[in-house]
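Take a look at the structure set out below.
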Amino acid sequence: MYRTHYSSEITEELNGQKVKVAGWVWEVKDLGGIKFLWIRDRDGIVQITAPKKKVDPELFKLIPKLRSEDVVAVEGVVNFTPKAKLGFEILPEKIVVLNRAETPLPLDPTGKVKAELDTRLDNRFMDLRRPEVMAIFKIRSSVFKAVRDFFHENGFIEIHTPKIIATATEGGTELFPMKYFEEDAFLAQSPQLYKQIMMASGLDRVYEIAPIFRAEEHNTTRHLNEAWSIDSEMAFIEDEEEVMSFLERLVAHAINYVREHNAKELDILNFELEEPKLPFPRVSYDKALEILGDLGKEIPWGEDIDTEGERLLGKYMMENENAPLYFLYQYPSEAKPFYIMKYDNKPEICRAFDLEYRGVEISSGGQREHRHDILVEQIKEKGLNPESFEFYLKAFRYGMPPHGGFGLGAERLIKQMLDLPNIREVILFPRDRRRLTP
C-alpha cells in the first residue's frame, strides 16, 4: 500500500505517527541544508521537509531531482508545527518514485500559465490536477448523490430506459441516426415516452439519470450534444403545480447539499453559493412577455422565449426579485410538445413549465395528457403520425393515470449553480459540434 492517508486526513491526532502519502510533485525547493517537497493529491497539498542531518543521504539527494508532476509515494512521520505552511509537515523516511512525467508538460497544473479551454479539454487528465477544476467535479459528484438520495427519500424508483430507439421521442429532427442491423434507429434525445409508459405500470414515481443525445448544431456556452439528464415522472397528480413543487425542492436540496458538503471546494472556487428561497417565483408566459416588452424586447405571442429574452428575464428577476431561480409557466400550446396537457377551458394554453437559473433554462416539464383520444389528436396537430407512436399509445388504452414530470439538465444545473462561463467546464469529455475526442 503506497498510501494510508489523503492530505485532508492528516490531523493532529496523527502527530508523531508514521503515515504514507502519495501523489504528484507540486513544487520542490532546495535551500542547501534543508529541502522541501510538496506533493498534491485529490484533497490538497502535503509538505515534505527533509533536513540534511535527519534524513537518509540518498533520499536527500533524490528530492532536487524530482520534476513537476512526477508521481511519488512518501513514508514518514507527521510533525505539526506552526513553521510549516500548512500547519504540519512530514519528515520522510522513504520516497519512492512511481513514475516520471515527461517535459514539457502540455499545460501548467498550477494555473500560473493560462491555457485556452481547448488545450485544457485536449489534456483533461492534466487539467483535473488544477485544484479549481478538481473542485468542480467533486461538486458535480455531490449534486448527483444529492439528487439520487432525494428521489429515494421521496419514494421514487430508479429506472433505465433504452438509448437506441426507433422513432423520435418528441417528433423532432435533431436526432443522431444509426444502423441497427437491417433497420434505421436513433440515439435517444430523451426518455420521455418510456417514463410515461411506466406511469401505466403501477410504479407511480420513477426517475432516471442517464445520457441524452441531441444532434443540434449549436456551438454555444450552454449546449452539448451528449449530456446527462435527470428525468422524473409521477402519477396521480392533479396539476402541474405538484411537479413544480417537487422539482424546486429537489433543486434546493442539491444546492444545500453542496453548501454543506463542499465548503472547501466552494472556497477554492472563491464562490459563495446562496441558500435558495422556496418557493421559487412563478412567472406566467404572458407576464414574461410583458416584462420583456417593457425592457424593449418584443416577442410575438405563441413564440418561445429566445436566448436574449431568457437573459433579460434572468437579469430582471435578480434585480427586482433577488431570484436566481424561477419558473416560467402557462405556455402557448403550440410552443410545447404533443404530450403536454392543455387547459380544458383555454386550450391555447398548456400545463408546461420551464425552470430558469440565472437566465438559462435548466429544466422543462409539465402535466402530461393521459387521455388516449385527446393525445392522439395532439399528435396529429403536430403533424406527426400516431401509428409511429403505437408502442407508446398502447399504454394509454388500458388505464393511464394523470401524471406529470420533468427533465433537468445536470450540466446546466451545475454550470448555473457555480455561475461558470461555459458548460464544457462541468463535463469531463464534452461532445459538441467540433469535439469527438478525447
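From the backbone N, Cα and C atoms, a Cβ is placed for every residue, glycine too.
Taken verbatim from Swiss-Prot:
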{"type": "BINDING", "residues": "Glu170, Arg214, Ser364, Arg368", "note": "L-aspartate binding site"}
{"type": "BINDING", "residues": "Arg214, Ala215, Glu216, Arg222, His223, Leu224, Glu361, Gly409, Ala410, Glu411, Arg412", "note": "ATP binding site"}
{"type": "BINDING", "residues": "Glu361, Ser364", "note": "Mg(2+) 2 binding site"}
{"type": "BINDING", "residues": "Glu361", "note": "Mg(2+) 3 binding site"}
{"type": "REGION", "residues": "192-195", "note": "region 'Aspartate'"}
{"type": "SITE", "residues": "Trp26", "note": "site 'Important for tRNA discrimination'"}
{"type": "SITE", "residues": "Lys85", "note": "site 'Important for tRNA discrimination'"}
DSSP three-state assignment for Arg412 (ATP binding site): helix
Of the recorded positions listed as Trp26, Lys85, Arg214, Ser364, Arg368, the one whose CA lies nearest the CA of Ala410 (ATP binding site): Ser364
Given a 10 Å Cβ-Cβ cut-off, pick out the one of the binding-site residues Glu216, Glu361 that has the most other Cβ atoms nearby. Glu361
Just how spread out is the ATP site if you go by the largest Cα to Cα distance in Å among Arg214, Ala215, Glu216, Arg222, His223, Leu224, Glu361, Gly409, Ala410, Glu411, Arg412? 19
Taking the region 'Aspartate' (192-195) alone, what is its mean pLDDT? 97
Per residue, counting other C-beta atoms within 10 angstroms of the C-beta, which of the recorded positions Lys85, Arg214, His223, Arg412 reaches the highest number? Arg412
Return the member of Arg214, Glu361, Ser364, Arg368, Arg412 nearest to Lys85 (site 'Important for tRNA discrimination') in space, with distance defined Cα to Cα and candidates limited to these binding-site residues. Arg412
Pick the one among the binding-site residues Ser364, Ala410 whose Cβ has the fewest other Cβ atoms within 10 Å in this structure. Ser364
